[in-house]
């Protein structure tokens, strides 16, 4: 997910010339969403299709919020922007995404809790997830009441609290999906946490970085360091996703080839492995090209 000069090439796709710089981030985002959908299906085969769909939407919106907020708070650097108009453009783009993520999470999370998950009426996972559903819109309103684009400590504090509430909800989501042992919960949390970080970065790249650079080419110098800083996380994110995925698969049906081939889960696992292989190749090529 770099922004190097080597990505200024273009390819022909369905009769249209598409720049690689535009196509690759979109492919990464599509693969992440596809892999997460397969993962939810694997982890919830006994649940009705509606429940699995709602859980996936909850994970996707919550992941976008967690990963996107991490970029906004940890990677975004106001000092890199010499032009205030460019800075406001970037922050306004993120605010729109932040709003959609909060609304999507609150709606899907509410439905998810209302469907009667297997955590008991007052289970730990439901409480943690519910805290995020309740607090996210309140904190979002607090952020919106602060002057747009104002880099005040108050804005950072409220947004940091929203990130903390989102992380608590993510932990609750992981517990609802496992509800067995602390080890299983920790593995699931690491898996969805790594996915969330990557998804948030992909969303920033597709809907903040690239559109801003296209409309304001001079913004590239300010945004490149952020994209490169995010890319340095991927050598850790990839192994975490792979190792935790293997552990969860082993817990469901084991790791023998006959068991995988004979089970419907095996086909979904194959989809996830294919997605991970393609993502690994993309990341490796990006590091080779940009260093």
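Note: Cβ is positioned from N, Cα and C throughout, glycine not excepted.
Per TrEMBL, these features apply:
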type     : residues : note
TRANSMEM : 27-47    : transmembrane segment
TRANSMEM : 53-76    : transmembrane segment
TRANSMEM : 97-117   : transmembrane segment
TRANSMEM : 123-143  : transmembrane segment
TRANSMEM : 155-175  : transmembrane segment
TRANSMEM : 195-213  : transmembrane segment
TRANSMEM : 234-253  : transmembrane segment
TRANSMEM : 265-287  : transmembrane segment
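Counting Cβ pairs under 8 Å to the transmembrane segment (53-76), the top-ranked stretch among 27-47, 123-143, 195-213, 234-253 is 195-213.
If you look at the transmembrane segment (27-47) against the transmembrane segment (123-143), you find fewer than three C-beta pairs under 8 angstroms, all six or more positions apart, and that falls short of contact. Only residues 6 or more beyond the boundaries of the transmembrane segment (123-143), in the same chain, are considered here, and those with a CB under 8 A from a CB of the stretch are 62, 65, 95, 98-99, 102, 105-106, 109-110, 112-113, 117, 155, 158-159, 161-162, 165-166, 168-176, 179.
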